[in-house]
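Record features, source TrEMBL:
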- 10, 11, 12, 13, 14, 15, 128, 137, 138, 200: ATP binding site (BINDING)
- 30-59: region 'NMP' (REGION)
- 31, 36, 57, 58, 59, 86, 87, 88, 89, 93, 161, 172: AMP binding site (BINDING)
- 127-164: region 'LID' (REGION)
- 128-163: domain 'Adenylate kinase active site lid' (DOMAIN)
- 131, 134, 151, 154: Zn(2+) binding site (BINDING)
């Protein structure tokens, strides 16, 4: 299975990506991780991307597309498929991705969309905390750690992203509505989209996801 997971900021993509990876033994790929890896290793693409980010500019699609393609082609175990989070974010990226994977075993066959109302997104974003060591995600309202401010797994102090506030969320949602929602429509026309109601507790949502994906 080659899957894209999509949804607005705070929809639960990170949390359920990890569960899907474990359940289906998929390669979990985050475009944020791909960028950081290329930049830290000083690859030609990483240096090119860095030249834009240091100026506060968006990295061109041509660079992003090439990074994703190179990463996918270099996977050591392609047969289990992948779960891609954070890409494509625009119609142009979606079309480029389709073109570069057409006729290969890397073509997308499933797009999972996490649907959450705006009010719930606000609560999730402002309450979100994460462990910088293991990546576990908590929420002070709906999924708090056993000890306030501390990861259950390794005792590391939890952190909050700088942009996890209402003002930043509005900007991110506007961007999502403008750029990413049309991507969902693009894949929906191809019959690849499965929507899941991502409102409720973690176990309820996970049960719905498994039902939607028939796993």
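For all residues, glycine too, the Cβ spot is worked out from N, Cα and C.
Caution: TrEMBL annotation is automatic and unverified by curators.
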Open item on the list: Quick check: of the binding-site residues listed here (10, 57, 161), which one has the Cα closest to that of residue 151 (Zn(2+) binding site)?
Closed with: 161
- [ ] By Cβ count within 10 Å, point out the most packed of the binding-site residues listed: 57, 128, 161.
- [x] 128
Open item on the list: Restricting to the binding-site residues 57, 87, 89, 131, 154, which ones have a CA within 10 Å of the CA of residue 138 (ATP binding site)?
Closed with: 131
TODO: Out of 12, 14, 57, point to the one nearest residue 131 (Zn(2+) binding site) in space (Cα versus Cα); all of them are binding-site residues in the record.
DONE: 14
Open item on the list: What whole-number Å value do you get for the CA-CA distance of residue 14 (ATP binding site) and residue 161 (AMP binding site)?
Closed with: 14
- [ ] Could you check which of the binding-site residues (10, 12, 128, 134, 154) sits closest to residue 161 (AMP binding site), going Cα to Cα?
- [x] 128
Open item on the list: Distance check, please: Cα of residue 87 (AMP binding site) against Cα of residue 10 (ATP binding site), rounded to an integer number of angstrom.
Closed with: 16
